[in-house]
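Features reported for this protein in TrEMBL:
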- B:1-20: signal peptide (SIGNAL)
- B:8-89: domain 'G-protein coupled receptors family 2 profile 1' (DOMAIN)
- B:98-124: transmembrane segment (TRANSMEM)
- B:99-346: domain 'G-protein coupled receptors family 2 profile 2' (DOMAIN)
- B:136-157: transmembrane segment (TRANSMEM)
- B:185-205: transmembrane segment (TRANSMEM)
- B:212-231: transmembrane segment (TRANSMEM)
- B:251-271: transmembrane segment (TRANSMEM)
- B:292-313: transmembrane segment (TRANSMEM)
- B:325-345: transmembrane segment (TRANSMEM)
Amino acid sequence: MASETTPVLSKQVLLWLVVACQSVSVMACGGTYEYAIEEFCLGKFRLDMEELDQHHWCSWEDTVEPYGELTNCTYLIALKMDCFWPNRQVDEFFIRIHKHYFHDCSLSGRQLRDPPNHILGPFIVVPILVTLLMTALVVWRSKRSEGIV
Amino acid sequence: PDFESSFVCCVWLCVSGGAGLYCNRTWDGWLCWDDTPAGTVTWQNCPNYFPDFDSTEKATKICSESGQWFRHPDTNRTWSNYTLCNFHTTGKLKMAYILYYMAIVGHALSIASLLISLAIFFYFRNLSCQRITLHKNLFVSYVLNSALTLIYLIAVVNNPDVVGRNPVGCKVLHFFHMYMLGCNYFWMLCEGIYLHTLIVVAVFAEEQHLHWYYLLGWGFPLVPASIHAVARKKYFDDNCWMSVETHLLYVVHGPIMAALLVNLFFLLNIVRVLVTKLRDTHRAESNMYMKAVRATLILVPLLGIQFVIFPWRPENRLAGEVYDYIMHILMHYQGLLVATIFCFFNGEVQAALKRQWIQYKAQWGQRRRDHCSMRSTSYTATSITEVPAFMYHHDCNSEHLNGRHTSEDSELVALKTGETYA
């Protein structure tokens, strides 16, 4: 009797174990991953940003290194845990970081753009006016040199 | 690939969105996508992270009816369409190389023809007078402009690592390039002002002082070029100042267009005066001057049209290519055009060259014809066919009057209003 039930029982146990392992690995790329990046990556980033004066948090040149290291750290942990990167947890992690450190930075970025119109306008109009004045001057002077004023 | 784009995007993602059914703003790894209404397709310009991505092409992203971003059927992950960004790249690269070599050939031809013209003007001393002096200055400015452009094209444009290193030298080169461009157009303006003063203001008078013309032609273009350099350094300091996507270029192009418009106005005024006021009283004379004005009047629109059509590149691929070819021809073959119209098509230059050729042939034992006497009689007899030659001698008569042309002065005296020459 026992010999017949044990294989059934072990099959059930095996099935349950397999299911449990699957869910654990799924959970690993959710909760455990999140825990891992907060534990291993966030601490260093916090220290780096605290070293920088708060006024420099919005300056890209100063924050690029710690930010890059943080991104790298999350990537390596994802690699180690065999998770896809990027994923939802990493996105939410970064959104929280941004809300804390970068919430009042300007949105213009480093893209070169023209100066505003009240600066661009005079830069263009003044040379044109000077050109017209200079032309009038030359016409006037060459008139005068003929003796006709 | 570009951390800063993701940085900027995430900053912006923190701000909360609006109402209605829409796909949430998101970062797809390359670009940031805004809140999009459900059931629409949104687009942006392609990023420039990769060398073969053309940032004038469009990347698209579909927001489905249910308010979710489109998922690629193979991987079931959200997917943006970047296929157009490098789809046409090889063809465009080929076209770019063709245009580049066209530009180099154009400038080389311009330099060659201008140097030949200068040699002609310097060799034939009897051609020289004030208008020819202005031509010489114009040609020199075109030669320098073409030389600088060639250096710029070969050393900077074809050399991405120079652009990457961004040395000060390439910005200095760009400054001189802008200066020479200004010189070209301001010398054209000087020609127009000279003709205007000669014909309209002081009717057919002789000598003008050329100092002011030199100042306008060589000195004044420093002003827009310097202002452009200062503005560019302060507000749009890209590598080697190569970008043409900025309105700061109008700091140089604006005065050039103003000069061309003023020139056109002067020339049309001259034509008006010649046609209306002088037609009855000085018919032969006005015909002569009309020929001189005609050359300048042909050139000014040809030089200026590139600035007029520059902003309007067609969207269609084929039309865009045609536009590029036309613009390149208009821009880079200008020196050749100027040399041809002002020198090679000039009647007196052709006559002088013919004379020289006949002299050489005579030196090699052929029968020599008396060209000097033939020349002077042909001037008095056929005033219309030799009109340009007549005109230039008229221009220069202050230098030559008491010299060898006294025999033909009878006609000249009749033409000059109220003046008599011994």
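Quick reminder: no glycine exception, Cβ is built from N, Cα and C everywhere.
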Outside the transmembrane segment (B:292-313), six or more residues from its ends: residues with CB under 8 Å to it: 131, 184-185, 188, 191-192, 195, 199, 253, 256-257, 260-261, 263-264, 267-268, 270-271, 274, 320, 323-324, 327, 330-331, 334, 337-338, 341-342, 345-346, 388, 391
Contact check, the transmembrane segment (B:98-124) vs the transmembrane segment (B:325-345), 3+ Cβ pairs under 8 Å, seq sep 6+: yes
Long-range environment of the transmembrane segment (B:325-345) - Cβ separation under 8 angstroms, sequence gap at least 6: 99, 102-103, 106-107, 109-111, 113-114, 116-117, 120-121, 135, 138-139, 142-143, 145-146, 149, 184, 295, 298-299, 302-303, 305-306, 309-310
Helix-strand-coil residue split for the domain 'G-protein coupled receptors family 2 profile 1' (B:8-89), DSSP-based: 11 helix, 23 strand, 48 coil
